[in-house]
């Protein structure tokens, strides 16, 4: 049986908000079966709970943000990506601010936190969303698409007119699994261009950004002294973001995702398009008595 998962223990961390620049405290807690991922704004009175749901997405410029009852939580994509990568179905995320900490700009610190807390398999079958027929959304020349597939596969193409992002480094595909996610995706950092930085600061965005938590490029080169973690780190980070954005669909996915120049807005548009068309997907579980077995996607917790 492919079982639901939560954390074995509570774990805490502190970091800086990418856009606010504020110090943020985050606490990750176990949650019961079928609870899902829920963010809690514990700095508010009363505390506001915000489920990790695609239909609550209200912010898609430079991050993915959720809003419920007037309370916001922004920059959820990297933690959601880590949850998806390790197969965590149920968790409570307490926040002292309206934004998650950016950590080092990748999801690797969140993966480390989850591994440190331990992963607990629960006595209930994991519920997958299986794509039954293709769904595609477009915005100008940008495209994002889901197709039926026995497993979870992601392919992404970016297009930037920059010498550090040549065409041969602009496409990446991966067969999703916990091991592949940790090794190939989790270390890829968010990135930005110097010429965009001033505009962002004028809009009170990117106030916590630095070369400690992002790749920064001028017109010709990467400015970070340590360079890149992968030769194609830019497109790998886009897949990292997509994995987090798509996990807001409400569960792990069985299907193939293909994207060209997609971002948070189009990823959310795809999630909403799938959920709005009940003929395009179905819930499926793989109890121990089932004749059909789940694709090998998630590594056993003892091996993570």
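Cβ from N, Cα, C; glycine included.
What Swiss-Prot says about this protein:
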| type | residues | note |
| --- | --- | --- |
| ACT_SITE | 264 | active site, proton donor |
| BINDING | 78, 237, 241 | Zn(2+) binding site |
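Recorded features from Swiss-Prot, shown on the structure.
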{"residue": "78", "record": "Zn(2+) binding site", "Cβ within 10 Å": "31"}
{"residue": "237", "record": "Zn(2+) binding site", "Cβ within 10 Å": "28"}
{"residue": "241", "record": "Zn(2+) binding site", "Cβ within 10 Å": "25"}
{"residue": "264", "record": "active site, proton donor", "Cβ within 10 Å": "20"}
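Here the Cα atom of residue 264 (active site, proton donor) is found 8 Å from that of residue 241 (Zn(2+) binding site). Residue 237 (Zn(2+) binding site) falls within a helical segment according to DSSP. Cβ atoms within 8 Å of the centroid of the Cβ atoms of 78, 237, 241 (the Zn(2+) site) belong to the same-chain residues 77, 81, 106, 107, 188, 189, 190, 238, 240, 244, site residues excluded.
Secondary structure at residue 78 (Zn(2+) binding site), taken from DSSP and collapsed to helix, strand or coil, is helix. Secondary structure at the residue listed as 'active site, proton donor', taken from DSSP and collapsed to helix, strand or coil, is helix.
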